[in-house]
Amino acid sequence: MQLIAFLAALGVPVAFAATIPSVPLNHSMIDVKLSAAGNSMVKATITNNGDRALNLLRFNTIMDEHPTRKVMVYQNGAEVQFTGMLPRYMMSNLTPDYFVSLGPKASVEHSFDLAATHDLSRGGKITVMAQGTVPTAEEHGTTITGHTVYESNKITMEVDGNKAAAVVQAMGKVKAGSIDKRSKVVTSSCHGNQLQVLQTALANSARLSQAAAKAAQSNPRKLQEYFKATDSGTVQKVVSRFMSVARESSSNSAGGTTYYCNDSMGGCHPGVLAYTLPSQNLVVNCPIYYSDIPALNKRCHGQDQATTTLHEFTHNPAVVSPFAQDLGYGYDRVAALPASKAIQNADTYALFANAIYVGC
């Protein structure tokens, strides 16, 4: 029940009453140990527990070098608002630099400043923990062949609010631009045919979301495959979320998000298709969104512009509340998620919509 309470806490855009999850001692191929390393600095030590080498993908994990959600931060029983980015990474053509290689029993350390992705200006005592999944490849390989879960220890830190406030936020505020009221797209951020590409993606996202909502009501076998449940509560939530994405994708000035064709905040790191700032209800496309994926993909579970936009909309609290997280990437990992996590996972919605469109 504590884990369920934790999952209910995921993704809330403002602090709220929450139960801090206890950490079960499940066996994992890796061990993650957190330790305080300064006022708001945390050091994560990742150890390979096994007897064979592992190649660990950094994307959306405790090892991600970008300002992604690496840990959960609580204060007075409430989750502290996350101000960083939630990216969708391209999962094909992975290169070795996206991975961390760990030999048997070897460790690697990764440090990060919580104040760069959380508002800790109030200061005081906070509790920090990490939980997630790491896609794995064979030693020296770049093809994902499995995954391992991790659950860290919990640490308590006493934060000096003034020092935390002096830390520059990793993702600042975007400058206002010319907005197309029809789609809430900042047209001044678009170059060449990018506006046309994005408008097509928005239309396709609306169409796929509407079809997915219908399928959630009429195809219990497919709903079970992706969301691991077919009860009325699950159906209602899935349908509601897809319809919310459909409305946002076809918004006539009533949408709750702002969409940028291009990045002005430095979030388009290698491999990032698009990203969301949930604290600002803001979506940004990256160059490879236009160059490396098609408008629609007719391959089962293939990435495309439409489902990437759909994926990012589920990260926005103005569209989906509580907003979806990145708890598992790709079909194999999504298929392994329990119902409580599947319904809070952004890629579950993108893959389900693709499956209905393609007929997987």
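Each residue, glycine too, has its Cβ placed from N, Cα and C.
What Swiss-Prot records for GLU312 is active site. All chains included, 29 other C-beta atoms sit within 10 angstroms of the C-beta of GLU312 (active site).
In the structure as shown, the Cβ atom of HIS311 (Zn(2+) binding site) sits within 10 Å of 29 other Cβ atoms. Marked as Zn(2+) binding site by Swiss-Prot on the basis of sequence analysis: HIS311, HIS315, ASP326.
The feature disulfide bond is assigned by Swiss-Prot to CYS190-CYS261 (among others). In sequence order, LEU198, CYS261, ASN262 are the residues near CYS190 (disulfide bond), counting only same-chain partners six or more apart with C-beta under 8 A.
Note: CYS286 (disulfide bond) has non-local neighbours ASP263, GLY267, CYS268, VAL272, LEU273, ALA274, TYR275, i.e. same-chain residues 6+ apart with C-beta under 8 A of its own C-beta. Here Swiss-Prot flags CYS268-CYS286 (among others) as disulfide bond, drawing on similarity to another entry.
In the three-state DSSP scheme, CYS300 (disulfide bond) is classed as coil. Annotation source Swiss-Prot lists disulfide bond at CYS300-CYS360 (among others).
For the recorded site, ASN262 (N-linked glycosylation site), the DSSP three-state label reads coil. Taken from Swiss-Prot, the feature N-linked glycosylation site covers ASN262, and the record attributes it to sequence analysis.
Here Swiss-Prot flags 1-17 as signal peptide, drawing on sequence analysis.
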Environment of HIS311, HIS315, ASP326, the listed Zn(2+) site - residues of the same chain whose CB lies within 8 A of the CB centroid: LEU86, PRO87, ARG88, THR276, GLU312, THR314, ALA324, GLN325, ALA346, ASP347, ALA350
